[in-house]
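Participant: Have a look at this one before I ask anything.
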Amino acid sequence: MKVNPKNSPKDNLKDSPKVSARGKKVNKAWLHDHINDPYVKLAQKEGYRARAAYKLKEIDETLGLIKPGDCVVDLGSTPGAWSQYVRRKLSPTGAAAGELNGRIIGLDMLPMEPIEGVAFIQGDFREPEVLQKLEQALATDKGQVKVDLVISDMAPNLSGIESADAARIVHLVELAVEFAQNRMKPDGTLVVKLFHGSGYDELVKLFRATFKVVKPMKPKASRSNSSETFLVGKGLKKRAETVPELA
């Protein structure tokens with residue numbers, strides 16, 4: 001999810017009427033790397049909408065996050081690669097088309113093409129009325145369903161001003177943590193995307209204060225030249241508890 005949609009380097013090259021020579025080189029290099037990226041090719045082969053699916057796949061396979069019957073909330077779900085991966089994990093082997101052993105709810109400001117079995121809410125996660133829609137989606141005849149797993153690929157539109165960008169990133173992660181505290185099962189898990197830099201240590205401290213186990217991860221599908229990383233928090237805890245790291 002992009003809180004304010006931001007252009008990719010490809011979009012910038014296409015939409016900008018004037019591109020500097022240096023900018024053209026950067027965009028050409030990005031396009032070359034993207035086209036030849038093994039995860040891009042694998043995503044196309046396996047039917048995923050984005051290479052990001054393999055980031056979640058590695059995290060899941062390393063930590064065993066997704067289990068049959070789980071209720072999963074995907075924050076920043078567009079274009080849908082993470083929801084696709086969860087959808088496949090929750091489909092029983094040999095199941096008929098459309099059969100799903102669990103629940104998946106995606107949320108994003110941007111529209112998302114439908115995925116069978118995935119409920120989607122379009123809206124800004126920061127807005128109370130959008131959170132209310134998410135609450136309603138979790139409601140059943142027996143009351144509110146507690147969530148097993150919250151996955152967040154939310155990211156703000158970066159301005160290039162480090163202090164402002166850091167504050168936006170911190171705010172989104174704080175909202176994801178607050179949602180997990182309010183709607184997740186005590187033994188549930190939260191996975192968030194964030195970036196090394198200003199505000200990173202603050203978010204690690206927040207996770208340590210909130211979860212029994214905290215694990216920073218940089219999946220192989222995250223580009224090596226990117227500051228992107230992920231934090232995994234397992235098991236909600238009381239503030240007084242200490243937090244070990246996963247080995």
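Glycine too: its Cβ is placed from the backbone N, Cα and C atoms.
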Participant: Looking at Swiss-Prot, which one out of Asp60, Asp141, Asp148, Asp153 binds S-adenosyl-L-methionine in the same site as Gly80, Trp82, Asp108, Asp124?
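Facilitator: According to Swiss-Prot, the candidate sharing the S-adenosyl-L-methionine site with Gly80, Trp82, Asp108, Asp124 is Asp153.
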Participant: Report the largest Cα to Cα distance, in Å and rounded to a whole number, among the residues Gly80, Trp82, Asp108, Asp124, Asp153 that the record lists as binding S-adenosyl-L-methionine.
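Facilitator: 18 Å is the greatest Cα spacing among the residues binding S-adenosyl-L-methionine.
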Participant: Return only the integer: C-alpha distance in Å from Gly80 (S-adenosyl-L-methionine binding site) to Lys193 (active site, proton acceptor).
Facilitator: 15
Participant: I need the least crowded one of these binding-site residues (Asp108, Asp124, Asp153), counting other C-beta atoms within 10 angstroms of each C-beta.
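Facilitator: Fewest other Cβ atoms within 10 Å, among the binding-site residues Asp108, Asp124, Asp153, is found for Asp124.
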Participant: Under DSSP, is Trp82 (S-adenosyl-L-methionine binding site) part of a helix or a strand, or is it coil?
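Facilitator: For Trp82 (S-adenosyl-L-methionine binding site) - judged by DSSP and reduced to three states - the answer is helix.
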Participant: Around Gly80 (S-adenosyl-L-methionine binding site), how many other CB atoms lie within 10 A of its CB?
Facilitator: 23
Participant: Just counting, how many other CB atoms are there within 10 A of the CB of Lys193 (active site, proton acceptor)?
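Facilitator: Result for Lys193 (active site, proton acceptor): 23 other Cβ atoms within 10 Å.
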